[in-house]
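> Pulled these from Swiss-Prot:
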type     : residues  : note
TRANSMEM : 34-54     : transmembrane segment
TRANSMEM : 78-99     : transmembrane segment
BINDING  : H84, H183 : heme b b562 binding site
BINDING  : H98, H197 : heme b b566 binding site
TRANSMEM : 114-134   : transmembrane segment
TRANSMEM : 179-199   : transmembrane segment
BINDING  : H202      : ubiquinone binding site
TRANSMEM : 227-247   : transmembrane segment
TRANSMEM : 289-309   : transmembrane segment
TRANSMEM : 321-341   : transmembrane segment
TRANSMEM : 348-368   : transmembrane segment
Amino acid sequence: MAPNIRKSHPLLKMVNNSLIDLPAPSNISAWWNFGSLLGVCLLTQILTGLLLAMHYTADTTLAFSSVAHTCRNVQYGWLIRNLHANGASFFFICIYLHIGRGFYYGSYLYKETWNTGVILLLTLMATAFVGYVLPWGQMSFWGATVITNLFSAIPYIGQTLVEWAWGGFSVDNPTLTRFFALHFLLPFMIAGLTLIHLTFLHESGSNNPLGIVSNCDKIPFHPYFTLKDILGFMLMFLPLTTLALFSPNLLGDPENFTPANPLVTPPHIKPEWYFLFAYAILRSIPNKLGGVLALAASVLVLFLAPFLHKAKQRAMTFRPLSQLLFWILVANLFILTWVGSQPVEHPFIIIGQLASLTYFTILLILFPITGALENKMLNY
């Protein structure tokens with residue numbers, strides 16, 4: 001019989017082993033769709049971003065007008081821009097759900113896959129931050145000023161580091177130019193890290209909702225999961241296009257329709273919604289360095305997940321106490337997100353502080369204790 005080119009060609013063989021003949025657990029649910037959705041988000045963002053970059057000018061005097069020009073005068077420029085801006089929101093929705101899935105089902109026990117995933121999250125956050133600065137509106141400028149300024153809290157080298165990052169003594173033209181360069185570069189770094197992430201995942205194979213070894217019951221990725229993924233794509237693109245076409249500015253800040261002005265500070269400086277939980281944690285500590293450390297810890301704590309797993313069972317599927325704790329954590333994150341969008345005044349200050357404390361307590365203390373307790377209750 002003639003050899004199948006899909007299985008013999010050096011390049012097609014890799015595609016085949018990753019997307020066609022890949023053995024996948026037969027019982028993975030829709031929660032396993034978010035990986036492929038993130039891949040599609042990345043491709044969409046790179047494509048729309050490339051088209052936007054063709055019309056963008058990274059100069060403080062022209063940046064704002066160049067974005068306006070794209071929306072007014074470029075064929076479907078408004079659509080490309082709206083898809084790119086709201087695509088970022090969907091990227092974060094997908095990555096947060098993807099991480100939540102990993103946390104619930106104990107996927108973090110694949111340490112290499114999990115760690116590359118956390119690095120991917122950090123890179124995505126950096127990309128979104130530098131990208132938000134590019135339209136050079138008021139919130140772009142002041143957001144960049146506030147967040148880059150946080151590095152000055154680092155003892156001894158802080159101030160030097162900030163001025164080095166700015167390329168001067170304040171956020172100005174050199175800052176915008178380098179942020180554009182970084183915003184162009186980082187998505188390709190994300191693409192590279194994604195391949196590493198997948199390489200590690202395919203070493204072990206996927207986890208599944210039962211959290212048990214599924215080698216005895218695997219099915220080919222194609223057609224079962226290719227079809228399921230396509231359904232996922234459709235279900236994601238529907239709300240994305242609806243948002244981009246009907247209310248493209250719903251998630252944005254009205255302040256960003258005003259060109260950047262270093263002499264006027266907006267009344268409430270706040271990031272996009274997907275950073276609000278971390279922003280609330282940052283603000284809940286009255287000390288600058290303490291806030292910066294808490295901000296870093298809010299994401300870096302994910303690296304500790306594999307070491308804090310004390311339960312004998314992998315997934316939370318059959319662990320009701322851990323489930324309760326997990327959903328309390330989710331509710332807590334919603335509270336942090338809401339507090340981050342509110343002004344710094346009573347009662348939001350104390351709510352933010354309590355929610356921040358709860359966040360770290362659940363992750364670092366209550367999850368391991370509950371896991372150990374469930375072992376006792378189940379006579380492990």
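Positions of Cβ are set from backbone N, Cα and C atoms, glycine also.
So where do these features actually land, and what's packed around them?
Long-range Cβ contacts of the transmembrane segment (34-54) within its own chain (Cβ-Cβ under 8 Å, at least 6 residues beyond either end) map to 70, 80-81, 83-84, 87-88, 90-91, 94-95, 97-98, 101, 183-184, 187-188, 190-191, 194, 229, 232-233, 236.
The Cβ of H84 (heme b b562 binding site) has 20 neighbouring Cβ atoms from other residues within 10 Å, across all protein chains displayed. According to its DSSP assignment, H84 (heme b b562 binding site) is helical.
Sequence-distant neighbours of H197 (heme b b566 binding site) (same chain, 6+ apart, CB under 8 A from its CB) are T113, T116, G117, L120.
Residues 18, 38-39, 42, 45-46, 49, 53, 56, 58, 113, 116-117, 119-120, 123-124, 126-127, 130-131, 133-134, 144 of the same chain lie 6+ residues outside the transmembrane segment (179-199) yet bring a C-beta within less than 8 angstroms of a C-beta in it.
Within 10 Å of the Cβ of H202 (ubiquinone binding site) there are 14 other Cβ atoms, across all protein chains.
Residues 30, 33-34, 36-37, 40-41, 79, 82-83, 86-87, 89-90, 94 of the same chain, all 6+ positions outside the transmembrane segment (227-247), place their C-beta atoms under 8 angstroms from a C-beta of that stretch.
Counting only same-chain residues 6+ beyond the ends of the transmembrane segment (289-309), those with a CB under 8 A from a CB of the stretch are 99, 103, 106, 108-109, 111, 114-115, 118, 121-122, 125, 150-151, 153-155, 277-279, 281-283, 356, 359-360, 363-364, 367-368, 371.
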> Out of 78-99, 114-134, 321-341, which stretch has the largest tally of CB pairs under 8 angstroms to the transmembrane segment (348-368)?
321-341
> Report the nearest neighbour of H202 (ubiquinone binding site) in space among the binding-site residues H84, H98, H183, comparing Cα positions.
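Nearest candidate: H98.
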> Who are the chain neighbours of the transmembrane segment (114-134) in space, where the CB to CB distance is under 8 Å and they lie at least 6 residues beyond its ends?
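Distant contacts of the transmembrane segment (114-134): 56, 58, 63, 67, 88, 91-92, 95, 98-99, 102, 107-108, 140-141, 143-144, 147, 175-176, 179-180, 182-183, 186-187, 189-190, 193-194, 196-197, 200, 271-272, 274-275, 299-300, 302-303, 305-306.
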> Any same-chain residues 6+ apart from H98 (heme b b566 binding site) with CB under 8 Å of its CB? Would you list them in sequence order, or say none?
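Once residues fewer than 6 apart are set aside, H98 (heme b b566 binding site) is near F34, G35, L38, G117.
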> List the same-chain residues at least 6 positions away in sequence whose Cβ sits under 8 Å from the Cβ of H183 (heme b b562 binding site), in sequence order, or say none.
G49, T127, V130, G131, L134
